[in-house]
Structures are given as C-alpha cells and as structure tokens.
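Asker: Sharing a structure, written as structure tokens. Questions coming.
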C-alpha cells in the first residue's frame, strides 16, 4: 500500500517524536536529517505519542478482526448445520445454537433464576433487585413486574398447572403468587436466614424451601403452615428439588454434600459426598434419560424393577456429577467448566446434559461419551441459571450481567 506525501510526512514526524522521546538522540538526528524534517514545538505537540497510539490501535483492531472471524466461522457452521442435513435432526437431539433469539433487559441487578411457564409462552425471572419479571419468550416482550419481596429474590417455581408461582428471598420469606391475577396470596415466615431455594411439590399441595439456616422446610399451600422440617446439613442449603413423583427431595449445600430425603418419614436416604467445594445446583434426571444413563454408565443396579433414580449435581469445584441415588454412588464426573457450575439439567430428549457456569458459558454434554459437544459464550458475566422448555425448542439463561437470554434449539 503506497502512502500519500501527507501520510508519509505524518509517519516520519511520529517516528522522529518516538526516537527523541525515548532517548535515541543519535538515531533521531540521523533520521531527521535523512527525512528532511523541519521540527518545531507546535508540530511536536501534535505528534507526541502518536506512533504508540497507532500501534496499540492496530493491535486492538487485529484482536477485533480475529473475534469477528471466529464469530463468522461459528455462524457459517450453524448455517451448515441448519441446512438440509440439520433439518433431518431428531428433535430429541436439538440443542441451543448461537446467537440468542432475544436478550431481555429490565432487571437492575443480577438475575438469580429463570424458568419457563409450564403452559404459556412465558418466562419468569428473579433478581437481586427484589423483583420478579414476566416475559413472553415468543415475542421477547416484557409483560409485568411482581413486587413484594424486600431483598434479593433467590428462586422461583411453578406448580404443574402454572396457576401458582412460589418465590423465596433473602428477606427470609416465601411468597405464593396467583399467576392469573399476578397477586401475592400468601407469605410464609419460619426460616431464620436467607431462603435460597423453593420448589412446589408435584402434587401442588406442598412447597419445599431451603435456607442458609441449614434447614429444609415443607409448607402446606392451602394454609401456609410449616408441616415438616428436615435437618442434617451442616452448612447453608443452596438448592432443594423434589423428584417426579414427590416421594423424595434432594438438597445441596455449602457442606459439599448432596442429600436425598424420604418425604414421608423425613429420613435421609442418601448422603452423596464426592464434591470438593460448595454444591450449587441439583436436578433429577427424567425417566426419558434412564435408558441412555444405563447405557452410558454400564450401571447394573436394579436389574429387576425400575432403574435409578438418577440425580445431577453441579459444584464450585467446576465439575458436574451424576449419581445413582438407590446405591448412593457417583456414576460419572464431567470436567470442562472453568469456574463454578451454577445450573445443570438433563435435555428433555435424554441424550444430553446442559449446564451453565461462572465461566460465562452454556455447555452441552454428550454424557454417553463423557464429552462436551458444544460451548456457547452465553453472557458478558457469570451465568447463574438456565431452564429448558419441556416441549418447545427453547433454552433460557440468566446472568449477573442483568439480562435474560432466550436461545433457539435446532
């Protein structure tokens, strides 16, 4: 590329300034003479530090070009996958693909939990800004804000009909919302510290909650009374989740364990210990995944009768573990995240595990082969939560960057 006379003159003056300001006096004198430069104070000011600025801006541009080339290659790959071959892909194998369909903004603090409505095309998000927001995931429209908590909302859960929403907060309360009228119909008090997790039981009659007070409590939906307290964890209980038929609940804790409890007797059926740090998240594997799990793990447990149940856990030790609850054994460990794992789910098709973490990624794991098949750079900050729609091809994520993102699967 040939420079114009003016550009050449500017470059020469910038080089001369660089040589002089860095003490290369002899080189400066020779260069000034050979380039026939007439340097003066006014011109000197204009070109001071110009060469360094140009150099750093070139490096910055090169980095940006590399990033854009990487994104372009990723987009080309996605287009190829989404072409005629991709269209033949079994819906059970659909996974989230970049870029996101929507990035929803509105929360003023980190998003702590995101969930899909079981019936309507609605997403609900909870945040440290003490609000719950409702969005339409098909249009990306914001619908409304539910206010009532006075501190960070930590978790939210629908009943199977989608008519009731439960929420819990660092304000030490659990609230029950009529999701048709968007009104708080009950507030439950009883925990002595931050309530970190809540879930409505499958029968819809009870709610379970977990707290920093080291307990798990069960509440009656009709009255708001606490009917059971499960004790055993030695530290903050981070998450609680019931299994599909509501006979068991699983909990994870800062004490680095996962516990499984029999609801009827409050007995701790299993204490699962292999994580080396706080266990942030848990989820039960649906029955649709059991055949793949048995094939993947070569598990010979329960040859007679139903296999499992199987449980997933994600930890600050950066790993995901799969457990056979019936024998209290870890079946596999998935390693790949570069920071705390904050969310983990089995894909509705049963073939994949989907996880999110503080490394800002969403990862899809082919657990049969124990490898990560896809990594999405999902957010600008820690990814705190994810949910997979049970029937429609969508995944939703929430982040410390205060956004909620909807991802289309194909």
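Residue positions begin at 1 at the first shown residue.
Cβ from N, Cα, C; glycine included.
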Asker: Quick check on the annotations: Swiss-Prot lists coiled coil for one of 28-55, 56-83. Which range is it?
Answerer: 56-83
Asker: Take every residue in the repeat 'WD 6' (336-375), average their pLDDT values, and give the whole-number result.
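Answerer: Across the residues of the repeat 'WD 6' (336-375) the model's pLDDT averages 96 on the 0 to 100 scale.
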Asker: Which sequence positions outside the repeat 'WD 1' (106-145), separated from its termini by at least 6 residues, show Cβ-Cβ distances below 8 Å to it?
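Answerer: Sequence-remote neighbours of the repeat 'WD 1' (106-145) are 151-158, 160-162, 165, 167, 169, 171, 177, 179, 182, 381-382, 384-390, 392, 394, 396-404, 406.
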Asker: Against which stretches of its own chain does the domain 'LisH' (7-39) lie, if we need a Cβ under 8 Å and a gap of at least six residues from its ends?
Answerer: 46-52, 54
